[in-house]
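Read through the structure below, which is laid out as structure tokens, and then see the notes.
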Amino acid sequence: MSGIVIAIVVLTILALVFGVLLGFAAEKFKVEGNPLVDQVEALLPQTQCGQCGYPGCRPYAEAIANGDKINKCPPGGTATMEKIADLVGVDPEPLNATEAVQEKKVAFIREDECIGCTKCIQACPVDAILGSGKLMHTVITDYCTGCDLCVAPCPVDCIDMLPIEQTTKTWDWQLNAIPVKQVQEEPQC
């Protein structure tokens with residue numbers, strides 16, 4: 001056999017042996033994550049806005065799993081906080097005064113002043129802003145969470161945070177807060 005064939009065979013055998021060893025080591029030393037973190041993260045709104053004091057929803061979910069307060073997520077609101085409280089097994093708390101949003105707001109771009117720099121698009125964590133370079137931008141209000149992250153990067157200050165007009169579509173019906181009483185039927189004669 002030639003030297004090249006021997007080298008190829010030896011390298012192939014070494015690759016297979018090391019592959020088997022790495023596969024075994026990966027299974028043997030596997031690190032399990034906290035399943036509570038994944039469950040809490042699934043309940044959070046995934047806006048990655050940072051209003052809770054953490055850089056995103058995953059770090060906040062990890063903090064909640066480690067015992068941090070559950071009432072720091074303004075975009076999620078009271079409904080999300082109550083679901084997390086039920087999951088974690090703690091009493092629901094009202095949103096912190098510093099985190100609580102008095103009224104829901106959305107971004108509004110004054111299009112006649114917009115220079116199309118795209119800095120607001122890059123800052124928006126939920127892709128609620130449409131536009132492209134050197135063209136006017138606009139906000140999709142149904143997607144906007146009101147996180148306010150698009151306002152600061154705007155070099156011409158053409159973004160305002162405006163309150164949402166209350167309609168039947170935007171009203172918080174709080175259907176989970178309606179008390180339901182179970183009534184037993186009495187046997188009839």
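Glycine too: its Cβ is placed from the backbone N, Cα and C atoms.
Copied from Swiss-Prot, the annotated features are:
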type    : residues                       : note
BINDING : Cys49, Cys52, Cys57, Cys73     : [4Fe-4S] cluster 1 binding site
BINDING : Cys114, Cys117, Cys120, Cys154 : [4Fe-4S] cluster 2 binding site
BINDING : Cys124, Cys144, Cys147, Cys150 : [4Fe-4S] cluster 3 binding site
DOMAIN  : 32-90                          : domain '4Fe-4S'
DOMAIN  : 105-134                        : domain '4Fe-4S ferredoxin-type 1'
DOMAIN  : 135-164                        : domain '4Fe-4S ferredoxin-type 2'
REGION  : 1-26                           : region 'Hydrophobic'
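Here the candidates are the binding-site residues Cys49, Cys52, Cys73, Cys150, and by Cα distance the one nearest Cys120 ([4Fe-4S] cluster 2 binding site) turns out to be Cys150. Put plainly, the binding-site residues Cys49, Cys73, Cys117 were compared by Cβ crowding within 10 Å, and the winner is Cys73. Each residue in Leu44, Pro45, Thr47, Gln48, Gly50, Gln51, Tyr54, Gly56, Tyr60, Lys72, Pro74, Pro75, Gly76 lies on the same chain as Cys49, Cys52, Cys57, Cys73 and has a C-beta within 8 Å of the C-beta centroid of that [4Fe-4S] cluster 1 site, without being one of the site residues. Mean model confidence of the domain '4Fe-4S' (32-90) amounts to 89 (pLDDT, 0 to 100 scale). Note on proximity: of the binding-site residues Cys49, Cys57, Cys73, Cys117, the one nearest Cys144 ([4Fe-4S] cluster 3 binding site) is Cys49, by Cα distance. Closest by Cα distance to Cys57 ([4Fe-4S] cluster 1 binding site), from the binding-site residues Cys114, Cys124, Cys150, Cys154, is Cys124.
Break the domain '4Fe-4S ferredoxin-type 2' (135-164) down by DSSP state and the numbers are 0 helix, 7 strand, 23 coil. When secondary structure is read from DSSP and collapsed to three states, Cys120 ([4Fe-4S] cluster 2 binding site) falls in the helix class. In sequence order, Thr47, Cys49, Gly50, Gln51, Pro75, Pro125, Val126 are the residues near Cys147 ([4Fe-4S] cluster 3 binding site), counting only same-chain partners six or more apart with C-beta under 8 A.
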